[in-house]
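Asks: Please find one structure pasted underneath; my questions will follow.
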């Protein structure tokens, strides 16, 4: 045991003390005070929730009394806790932390929503104050809508005009398309006709070449006949001269051979002249025919060339 002595001279006071041992044991002592002639002393000892024990004493007015304290009561108690209880408490602490975090987030959300609510209230009040401006905006929008409707009507009328013009243009396109097709058909026909004309021109050219060759042949033949006739005339004249010589030699017989010679000469000259005239006439006729044929083919050739150039 330990004896604690307390003096009563003058006002005194001291605070309580506490001792703890383990998670659930606690020892506490009360305070002592004295004021004036009265004095008091209180003392107490407490433990955790599972074990409890108290010690108390009081001193009234008067002298100093010795107080005895059981020293064994001041020793810490060896208390052991159940591990399951510790786990439950840890889990409860974690749950409390989680709930505290959720509660804090809820509080933040509530504050944010309150701020948004205040902002919306401010906007609403501002919009309520701006009614006159909204009415002006309504008129402005109505004018704008009216203008748009007017533009829409004008666009509709212009659309009708454009549709009419489109129909006209489509008709013109169809007409030009038909004309184009007709021109293509005409071009095809002209190309075919050109091919035929070219064949005719080629044939005419070949005929012209043939006729020119024939003309040259006939010219050569006429020249040959003319030369032949001239030679025959010369031969006949030489024969006539020989006959006249013979007749003159026989003049001793006193025959009238001069008349006979004159008649024979006249007959030969007539035959020669007639043959010459017939040959010249035949040559002239053939020459004129060839000239006409050549002129005709020349005209056809010029006409064909003109059509080809066109």
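Just so it is clear, glycine is given a Cβ too, placed from its N, Cα and C backbone atoms.
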Asks: Among 60-76, 128-144, indicate the range for which Swiss-Prot gives the feature region 'Linker 1'.
Replies: 128-144
Asks: May I ask which of the recorded positions 275, 286, 296, 305 is closest to residue 123 (SUMO2 cross-link) if we compare their C-alpha atoms?
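Replies: Comparing Cα positions, the closest of these recorded positions turns out to be 305.
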Asks: Taking helix as H, G and I and strand as E and B in DSSP, count the residues of the region 'Coil 2' (261-310) in helix, strand and coil.
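Replies: Taking the region 'Coil 2' (261-310) as a whole: 49 helix, 0 strand, 1 coil.
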Asks: Using Cα-Cα distances with a 10 Å cut-off, which of the recorded positions 275, 286, 296 are near residue 305 (SUMO2 cross-link)?
Replies: none
Asks: Taking the Cβ of each of the recorded sites and counting other Cβ atoms inside 10 Å, which one has the highest number: 123, 286, 296, 305?
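Replies: Per the Cβ count within 10 Å, the most buried is 286.
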Asks: Take the C-alpha atoms of residue 286 (SUMO2 cross-link) and residue 296 (SUMO2 cross-link) and report the distance between them in angstrom, rounded.
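Replies: The separation of the Cα atoms works out to 15 Å.
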